[in-house]
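These come from TrEMBL:
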type	residues	note
ACT_SITE	10	active site, nucleophile
ACT_SITE	12	active site, proton donor
BINDING	10, 12, 129	Mg(2+) binding site
BINDING	92, 94, 100, 102	Zn(2+) binding site
SITE	53	site 'Stabilizes the phosphoryl group'
SITE	103	site 'Contributes to substrate recognition'
SITE	104	site 'Stabilizes the phosphoryl group'
Ligand SMILES: O=P(O)(O)OC[C@@H](O)[C@H]1O[C@@H](OP(=O)(O)O)[C@@H](O)[C@@H](O)[C@@H]1O
Ligand SMILES: [Mg+2]
Ligand SMILES: [Zn+2]
């Protein structure tokens, strides 16, 4: 049985529009044109899609995890409407000063994914809209240096 192939996507600014006021509700979650179709395309090419996202809005009291789950249910539903499937979503609910290991650029979200899916992070494709997303893949796993595309 061939090993599953994964692509790890950041959420805000990659799948959906980001906001300086955070994405606090399902209504505020709006896909960026073409990105849900891109998830379906990854699937067509036998890549499973996993989302890894910092959601410090929880620690900041802007929304709770129940609301975050509703946002993610909308994302999953809209992806499915375009023929795409998000296999798993890993999020960090902590704030910048909480000292957790899962807030990107810390590797905790990717390591949790790798452990739960029995997947290797070596050479794993990580797509993000900020450098911290790319830095969340520890250098020992990277085939080339992390850099964010010029805006
Ligand atoms: O891009 P991902 O990881 O999917 O999510 C990032 C967002 O959760 C939020 O990240 C926050 O960064 P701080 O947590 O305040 O540093 C702010 O930039 C918010 O405007 C933004 O919506
Ligand atoms: Mg982002
Ligand atoms: Zn965390």
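Here the Cβ of each residue, glycine as well, is placed from N, Cα and C on the backbone.
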Across the recorded positions (94, 103), the Cβ with the fewest other Cβ atoms inside 10 Å is that of 94
What other residues of the same chain, not counting 92, 94, 100, 102, have a CB atom within 8 A of the CB centroid of the Zn(2+) site?
54, 93, 98, 101, 103, 106, 108, 109
Report the recorded positions (10, 12, 94, 103, 129) that meet this criterion: Cβ distance to the nearest atom of ligand 2 under 6 Å. Use sequence order and write none if nothing qualifies.
10, 12, 129
Work out how many Å separate residue 129 (Mg(2+) binding site) and residue 10 (active site, nucleophile) at their Cα atoms, rounded off.
7
CA-CA within 10 A of residue 12 (active site, proton donor), subset of recorded positions 53, 94, 102, 103 in residue order, equals 53
If you count Cβ atoms within 10 Å of the Cβ of residue 53 (site 'Stabilizes the phosphoryl group'), leaving out that atom itself, what do you get?
22
Write out the long-range same-chain contacts of the residue listed as 'active site, nucleophile', meaning residues 6 or more apart in sequence whose Cβ is under 8 Å from its Cβ.
51, 52, 53, 104, 126, 127, 128, 129, 130, 133
